[in-house]
């Protein structure tokens, strides 16, 4: 059965079998769903019913499960990963979900935990961080009579504010203007966009006043403007920008005001506008000393002076850059990333006590892993994997966490697996232990052998004999080049005592899935996708478990073309864990380009046949019946069919049978080898002639064989004697 969806949405990129309240369906990821300028992605639900051409409906997970982060869902590609959750429900992930921080976009990724009835439970974004631009900024602006011309101050405000990225999760800006008195032009919480504050700045009028009470204004800003009532946020970096053109009239109160700022961890930038002093040809040294005293240390970082009001615009870029690179923030021009591009949800693995995430983009794309579980969040540092991923190779983009999984070894110990398909361009898989404290102990590392093969892009552990211990580990290298430089693909099979490999064609191993017992022999089986086979039509392979091993030769190959000639990339994703059609047999879900296919398993019936004859032997001389006008030797043949069903569930005991009767007459004309046809003269003294004839059967069918001997009339036949060979 084929379910179709929008091909340009990459419908079929991921598949997951699903059941809720007795209704069985397939969940199909379409991570490119949406208009070209906003590929938000989504998940489709395809109900497996009686109708052969059931439709698929969009679940709209982006609007429900991720509603609390909906403003950041642009091009998040939800549905790239679908995986079962524990103990029920499933995870739908958007690894390209991004946070906008200033001019940068950080793809930290996000997953949604969804119940079986498609109700959102929680969002999981363990690597999402507050932006470095999470700041509360208050501008303390001198509006006394000496500031002139005022429009230059307005231009400065508009220019500096236009550089700020104002939103509830980035920057907030408030303005306090002072002279003899101080007033809040607007508070931190009043405006939520850059455009709003720029427009507000254009409408600020000068307060005027004959005094410049800078200490009073600073104290008011620290105690009121940065208060929670006016919108100050916990955890935000607090920044004050003081702009003034003259010495304060309350300078003796500055120490107390600045102490209040220090107690509240407020960083202070101070700008001295020298226009008033230059116009009056006065010495500004005392004024500059006071402004340096107001600014945080060191002065070369937090103090500015300009010749006049117009020159304020000359320091806009420098002031903006210094604010964005405050100590404790990451800044925009950093050369390395930790979690900012981690892409949580690119790979996931469900555990009994949580979820294992691959962080393929963490640490400059070297990658990493993260466990979100009942004991808390465990995030091993980069150095934890240094023995296998040396720090000197940190810029080589190993992609650790491209795939993640786990196995149970002989002492019932769980080992975690993580693939790094780009490590040294050949790929690597590591098996490691992970403690609740985040300590990593690498047990073994498996290395790829061919450059560009993407060894480790998929891993799968199989418990074949279902004793709880993993018997076989499979590692895929889907881009392994075979003969003729074709992307043949290869899957490596590792046992606990050694390793072996089995290769097939056409990105063999692009998808792997352990499946419950398909042939009902008591062992777990394996599905392998090869989506590039048959000129990109694709195929899947079924391998049966055998004891604690897996068979080297596949038992069934299902090409996509046998299902529909229009299928492309059949086998790109696999899921096999549920009975979808209600016959108590495990069914398969296979993703293709723009399609998802459900393959129903067939019952397995073992048929034994026995034949009996009456009478037990045939007397060809004694005729027992007539066929037509001829007497013949007849017998009764009884065929007994015994059926044993190896599949669960009910099955019918009635069978249709067709008997094909055929008769192939075989007549062979044989000739003597090396015949002698020349005359043979018998002289009269010889009274006896002995002729020796050898008759052989070379395993050909021969019934009622006769031997005829011809001799001349002047001879008399005496006797015939046989000798066994």
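Note: Cβ is positioned from N, Cα and C throughout, glycine not excepted.
Annotated features, as they stand in TrEMBL:
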DOMAIN    136-319  domain 'VWFA'
REPEAT    1-55  repeat 'FG-GAP'
REPEAT    441-494  repeat 'FG-GAP'
REPEAT    495-552  repeat 'FG-GAP'
REPEAT    556-616  repeat 'FG-GAP'
Count up the helix, strand and coil residues in the repeat 'FG-GAP' (556-616) according to DSSP, in that order. 3 helix, 28 strand, 30 coil
Work out, from DSSP, the number of helix, strand and coil residues along the repeat 'FG-GAP' (1-55). 3 helix, 25 strand, 27 coil
Residue counts in helix (H, G, I), strand (E, B) and coil for the repeat 'FG-GAP' (495-552), per DSSP? 4 helix, 29 strand, 25 coil
For the repeat 'FG-GAP' (441-494), what does DSSP give as the number of helix, strand and coil residues? 3 helix, 27 strand, 24 coil
I'd like to know the mean pLDDT over the repeat 'FG-GAP' (495-552). 78
